[in-house]
Amino acid sequence: MEDIVTAKADVEAVEKVINSVDYLPLPDELLHLSEDEIKKLEKSLTRKLDMTLMPVVALLFLLNILDRNNIANAKISGLTKTLDITNSQYNTCLMIFYVGYVITQIPSNMLITKISRPSVYICCITSAWGVVSMCQAFTKSFGGLFAARFILGLVEAPFLPGVFYLMSCWYKRSELPPRIAILYGSNMLATAFGGLIAAGIISRMDGKAGRPAWEWLFIIEGSMTIAIALLVMPVVPDYPGQHIRSWTGMDKQHHIYAEWRIRKENAGIKDEDTESIWWGLGQALRDPKLYMFVVMQMALITAQSFNNFFPSIVGTLGYNRTITLLLTAPPYIFAFIVSLCVSFHAAHKGERGYHIAIPMIFGLLGNLLAMFVPTLGGRYFSMFLMTSGTYAPYNLCVSWLSSSLPRPASKRAAVFAIVNLMAAGVAHFYTSYAFPDTQKPRYYGGGAMMSAACLICATMALGIKWHLKRENKRFDMVEAGGEVAKTIKGSKAGHGGEATVSFRYVH
């Protein structure tokens, strides 16, 4: 009986220590608010972000994917025949995009931490890639298309890691997964509606003004990107506390609270840097977790490498050009729905590893069915598994990355850029050649590569989960021993009182 009482006392002592490390005083400007008013302020903040930041970045990302991948639709619309380029030259044009993508990714995300108006920066680079995308319509040879794709990679690279960084400055880590799911859903919707848009343009615009349909594809989608990017610029918020604009619906209280709540879940550390951007890059490179996420993300992007060839893969079912483009839409729409379900469930459960590994197993099954199932219906069903299984985990990987390497700001920005560079950049150097026309209709080489990538991604997710759980146990032991993770007093906390804040990884 005495042992039980002693054990209970020990448990209560540990809980007392752990609970004591979860306090960060409110800023002076918010001390007059009651607990209910603070809750209303938080709901108002997330609602206004969801009505301003989220729709705009989702729309811009949709345009990003549309302008990046419309070359796949242009290919089956006659691009290769008009320019008289071989399948190998076409694949080289796909690959060179990612060479440009690699060059500007890290410098841009190192720079964005020092830019006070990310809204202007993001919308300007969006307009820039719209111009370059439109210029692809006026190329007359392999060399012209090669140059246009390279420049397109240069100007598109800063967008996605920059947006991820901006979102991480506003949203808590528990809020990021469903929001990134919605954002990355723009990828799937762009691919789905890209096929529908292409089908409409091809059927109605071929021969207009003496131009083939694929040229109109680039002209229409590129000009649309330029116009939309300039129109939405005033809606995108900048960093919390900077350039408060009343028309976005967020006043000074929203900005102060947004900065405070991000600090609270990251050991009370203010989201700013006194060191240089190169110091932040060095901090990122010295963190072993970075390399674990690089491997997982590269495997994930490799598993998605069918996306640049999806119209050609669907074309092996034997339908005509218009029906083929229409058939590309349903698998991506289904993947979008699955992605939202997985992300909301992961956010509700506070879990990441299993929610990444399990969909990847379904992606593996889809690849195997695509290679070996003989029936037409079975092969089309496999495409639903391929898309949903490999696209659903992406947003979780990004939000998990943000919460696992959160501070300082320049380190987090460098991490986003490095992981996106290695995954979306380097991985495409070899995936661009994984689906040659000579392997139709089964594409055994590409299928085997994607199958292996699914296994590697799932294994790596479970490995990261195990590592972060072990780190959390170490934090528990340290705090139970009387050592707290972070203590801030007085002015160092940015307000009166004492802040004692703990940090735990999401796994």
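For all residues, glycine too, the Cβ spot is worked out from N, Cα and C.
TrEMBL entries are annotated by machine, without manual review.
Look at TrEMBL and you will find 49-66 (among others) tagged as transmembrane segment. Sequence-distant contacts of the transmembrane segment (49-66) (same chain, at least 6 residues past either end, Cβ-Cβ under 8 Å): 122-123, 126, 129-130, 156, 159-160, 163, 166-167, 170-171, 179, 182-187, 189-191, 193-194, 197, 221, 224-225, 228-229, 232, 235-237, 248-250.
The domain 'Major facilitator superfamily (MFS) profile' annotation in TrEMBL covers 53-469.
Annotation source TrEMBL lists transmembrane segment at 89-107 (among others).
Here TrEMBL flags 145-168 (among others) as transmembrane segment. Beyond the ends of the transmembrane segment (145-168), by six or more residues, the same chain brings 53, 57, 60-61, 64, 67-68, 71, 79, 83, 85, 92-94, 96-105, 108-109, 112-113, 118, 121-122, 125-126, 128-129, 132-133, 135-136, 139, 176, 179-180, 183, 239, 398, 402, 406, 412-413, 416-417, 420, 424-425 to within a C-beta distance below 8 angstroms of the stretch.
Outside the transmembrane segment (180-202), and at least 6 residues removed from its termini, the chain residues within Cβ reach (under 8 Å) are 54, 57-59, 61-66, 69-70, 73-74, 77, 163-164, 167, 213-214, 216-217, 220-221, 307, 310-311, 321-322, 325-333, 335-336, 339-340, 342-344, 387, 391, 394-396, 398-399. According to TrEMBL, the feature transmembrane segment maps to 180-202 (among others).
The annotation transmembrane segment is assigned in TrEMBL to 214-236 (among others).
Here TrEMBL flags 290-310 (among others) as transmembrane segment. Tertiary neighbourhood of the transmembrane segment (290-310): same-chain residues 69, 71-72, 94, 191, 284, 328, 356, 360, 363, 383, 386, 390-391, 393-394, 397, 400-401, 404-405, 415, 418-420, 422-424, 426-428, 431-432, 434-435, 443, 446, 449-450, 453-454, 456-457, 460-461, 463-464, 467, selected by CB-CB distance under 8 Å and a gap of 6+ residues from either end.
Annotation comment: TrEMBL describes 322-344 (among others) as transmembrane segment.
Among the features that TrEMBL reports, transmembrane segment is placed at 356-374 (among others).
TrEMBL lists 380-401 (among others) with the feature transmembrane segment. Sequence-remote contacts of a segment are chain residues at least 6 beyond its ends whose Cβ falls under 8 Å from one of its Cβ atoms, and for the transmembrane segment (380-401) they are 164, 173, 176-177, 180-181, 183-184, 187-188, 293, 296-297, 300, 303-304, 306, 310, 313-314, 317, 327, 330-332, 334-336, 338-339, 342-343, 346, 352, 355-356, 359-370, 373, 415-416, 419, 450, 454, 457, 461, 464, 506.
According to TrEMBL, the transmembrane segment annotation covers 413-431 (among others).
Per TrEMBL, transmembrane segment is recorded for 443-464 (among others).
Beyond the ends of the transmembrane segment (443-464), by six or more residues, the same chain brings 289, 292-293, 295-296, 299-300, 302-303, 305-306, 309, 313, 352-354, 356-358, 360-361, 363-364, 367-368, 370-371, 386, 389-390, 393, 397, 400, 404, 431, 434-436, 507 to within a C-beta distance below 8 angstroms of the stretch.
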